[in-house]
Each structure stands twice: as structure tokens, then as C-alpha cells.
Amino acid sequence: MSALKAPQPTEKTPRTRGVSAMVGITDSPFPYPHPAPPRNPEIYAPSSPHPPLPLVEINSMGQFIDLFRSLRSPRKQHFKSATTGVATKNMRNELNRLVNTVSDPDTRKAFDTEMQSFFYLFTRYLAEKAQSKELDWDRIKSPAAEQIVPYDNLSESTDPSVLNKLAVLKVNGGLGTSMGMTGAKSALEVKDDMTFLDLTVRQIEHLNTTHRVDVPLILMTSFNTHEDTLRIIKKYANQQLRITTFNQSRYPRINKETLMPLPRSATDDKSKWYPPGHGDLYNALMHSGVLDQLLAEGKEYLFVSNSDNLGAVVDQKILQHMIDTNAEFIMEVTDKTKADVKGGTLIDYDGNVQLLEIAQVPSEHTEEFKSVRKFKIFNTNNLWVNLKALKRIMENEGMELEIIVNPKVTEDGVSVIQLETAAGAAIRHFKNAKGINVPRSRFLPVKSCSDLLLIKSDIYSLEHGQLVINPNRMFGTTPVIKLGDHFKKIAQFQKRFKKIPKIIELDHLTVTGDVYFGRNVTLRGTVIVVANEGQRIDIPDGCVLENRLLSGNLTMTEL
């Protein structure tokens, strides 16, 4: 096995997975996309000691101080470069050793290419760390008016045939571990016994049959969800919809202390690896062959969203605006609330629009970032991408996205880091890119059981797989729901609600402690239920709570 080196962008991953026999459903021929870095990384590995300092005659303390200042920075930079070189060499050797643990030639070649991509990301991380590269906060401004278009300013679309140029991609790599799930999160039943995937399929099938168009569904999975997803989508074989799946990259977690990969072999436990964020989308599309497949089918635009965002449905007005204005990239943003203070936002940086994530913000500016005064909008991760432009960028300059360092601690207490990227960061690579400030209804993610209660409730109904707010709801906003730790996991959530309460007239609900809800419970106004330590509250069948505080001793207080 030759020494690990970065491949050229034209290198292809060997086909290691065949096309599924299921009619209308294809699995990308690549089990993992193995994105090649856009160019060879420059590896600094000093072969000789730093040259000796010249002899300088010093006649005063001032001269000494000036000399010390002039030498301090280069010396410090040299030390960082030297340590970077050592870390790079050690990582390269370890990755070569990992590659050599694979016996099958085709699998080894595919895995080798994937590790080269990771190695390139790692060298970028080290170089940026050595240079202390970070944004100059004083140059960050709120986006200009022309960089963010209000949704209400968009024209109606009159030609549904443009939908034939569209494909829909769902980022489907999440496990839902924060909600106590172990399988693909998109398999969770969220409304009327239908899962996230069921609703997506229903939406796109309705779009295709209503307008007699062909909009395919693309699912980007991770090594955590790929097999699960292939099993689940078999039930859609007879739908009026083509489904293609492909797998994003699998990178080794990095030991924070040693800067070495955690896995000792390519087949090591899943806990030693991680999917490197949805920013991997572009490389994955390119090197899985899916991008070329879409272009060959005449698809020009791709609508990307997270599979757990139930508000992310195809919007013909946005597609038409993209076509009319020749925008190569559109990010849907929406107004920030207190619940969204950590969400990434669009900024103007030296006249260019780009994404700013909280992980990139210096600690002394974190509160300013969370404020709605300067940063009024946040990224919904609903993205519209011109596929021809993406092909041009990937083949020419490549796409370097800002690295997000995600620190984690393993179950056995080892501190590790994951180098990730965000899909929205690609906005700065495209021509005429912009944001569109969309209604909040286009951002309905299910990140917790509190979100799930809202979606399952009578606040929403379904029309062709799309959530529609109940016309009997008197307010345009949805109620605020805060469920305590006893409701954090799906299994507990399901056990504590015999039936989802009626909340059409609810403004605010807070529940903490050991609480159980009976059938046909109605909640109105502001309802707070608090079961103290060692106490349990059972809300009986048919109970109506309106503007009530229910405490652990089962007394009711009118609010």
C-alpha cells in the first residue's frame, strides 16, 4: 500500500454496491461517497532545525525589547508549524495503517479514498489552528437589503412544468438519540400513524400526480441509517415516485489529546466513527455519481432540507424566483425567536454574504450573536442549489467549507473531536446567492418530544402529507410547550399520554415531574403542571384545564 496522499478531484470511487432490484428505488452504487479534496494539501514537515539567530549588537534596553518583539512572533509561528507537521505525519501514518486493515482490494481502495478526504480536512484544521484563523468580528455586518428577499415579494409561479427540472433531497442521517431513538429518526411516527418519510413521499407523489411532472426524491443517509433506510423505503415501491439513496462519508473520531484516530481498524465499532455533518452533501453528491445522474436526467435544481423539518415542502414561488433571477444558491431564513438564538445566521462579510455558526463566534461575542438586534434571522437549512453551478464549482475550485470543531466525550470518558461542516456555508461559493425570509411555517423541526406533542396535536391537520394549521386556531402563532425530563425519551412520552390532549386554545404548557395524562384531556390558556420529587400526578380522563397551576399535592390554582 502506497503512502497516503490527497487524490486529484477527477478520481472516482469504485462501484461497490449494485442498483436495487426494487422498481422505482435505486441505491447509489457507492456505499460511501469518498470525496476527493480539491487539491493536494501542503504538509509542513521540517527536515532541519530552525536556523540560528544572527548576532546583533544591543546597546540599550529599548533595542532589546524591539528585537524580542520582532523575534517572538516568528518563533511562536515556527513552533506551531513544527507541531503541526508532527501531527500531520502521525495522522498520515495511522490512516495508512487503518487502510491496510482492509483485505478486499475494491473495499480497500474505496476506504483509502475516504481516508484521503478526511486527511485533507484534518490538515486544513491543523493549518487554521496554527494560524489562529478566525473571523474579524468588526468586519461582520447584518446582511444588506438586497441579500435577503422577503417571501411576500416573490411572484406567483404560473408554469408547473418547471418542476420537471427539480429534485428533492432529504438529509436522512440522524438517529434521534436525543429523543431516545436507536434507528433512523425519519422512521418515527409523527402524525396520524405516518412517519417523516411517509409524509415526504406523500407530498412529492401528490406533486407529481397533480402536475404530471417527475420530481425524484433523493435520500442522503449516514452509516448509522443507511441499512435502516433501504429496508424502510421498500414499502414505497408502487408509489408514483423515484427514490435514490446514497451514503455520506464516514470519518474517524479524533482523540483530543493525541490528535490520533480513535478506531484501530476499518471495521471498528460505530462509536469510533462519525458522519461529518450535512456540509458533506456536495462532495457526497459528486463522488457518489448522483450529481451526474441528476444532470443527465435534465434536473437543474435541488431542494435540500432536513428530514425532520415538516415545514420544508416544495415551494414553486421560490423555485420560480431562483430561475427568474439566475440565483445559483438560495438559503431560506426566518425571523429569530428566543428558541432560535443558537441557530446559524447570514452575515455580510466584506460585501459577501456568508453563513455564521455559533461555533465560529468568539466567546466574548456569544451573547451579541444570540441577540435579535444585530442578527434578526437564522438559517432553516432549507437550501436551493443550482446543479450545473455545483458541478462547475466542484470540478474547478472545489468547495472548502468552514470547519466546525464538535467536541464529544465517549462512553468510556475519552475526549474526542469531530471535524464537521455545514451545508449552508456553501453560499459564499455560488454566484448571485441570497437568502429568502420565509414564513415560520416553513420551519417545523421535531428535535424534542415537546415539538412532537405540538405536531401530533389538533393544532395541525394533514393535507397530502403537508401540515396545515387548524382553521379553528384563533391565533397565528403556535403554543409554547415545555415538557420536563420525564418526557425526554420517546418511550416515556408515549407511556405518559394515553391520548394527545386537545390544545387548540392553548397558549403555554409547562410540565415537570412524574405526570400522566388520561384520555380526552383539554388544555386551554396557560397550564402549568408540577409534580415534586417523590410525587405523581395523574390527570384524569376528560379533564379540562384552563389557566391552571396544578401542583404536586393535586391542588388547582387559577391563574
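Placement of Cβ uses the backbone N, Cα and C atoms for every residue, glycine included.
Remember, predicted model here, so these are calculated numbers, not experimental data.
Feature list (source: TrEMBL):
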- 1-48: region 'Disordered' (REGION)
- 30-40: compositional bias 'Pro residues' (COMPBIAS)
- Lys185, Gln248, Gly277, Asp308, Lys447: UTP binding site (BINDING)
- His278: substrate binding site (BINDING)
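The structure, with features from TrEMBL marked on it.
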residue: Lys185; record: UTP binding site; Cβ within 10 Å: 25
residue: Gln248; record: UTP binding site; Cβ within 10 Å: 28
residue: Gly277; record: UTP binding site; Cβ within 10 Å: 23
residue: His278; record: substrate binding site; Cβ within 10 Å: 24
residue: Asp308; record: UTP binding site; Cβ within 10 Å: 22
residue: Lys447; record: UTP binding site; Cβ within 10 Å: 15
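Cα-Cα distances to the residue listed as 'substrate binding site' place none of the binding-site residues Lys185, Asp308, Lys447 within 10 Å.
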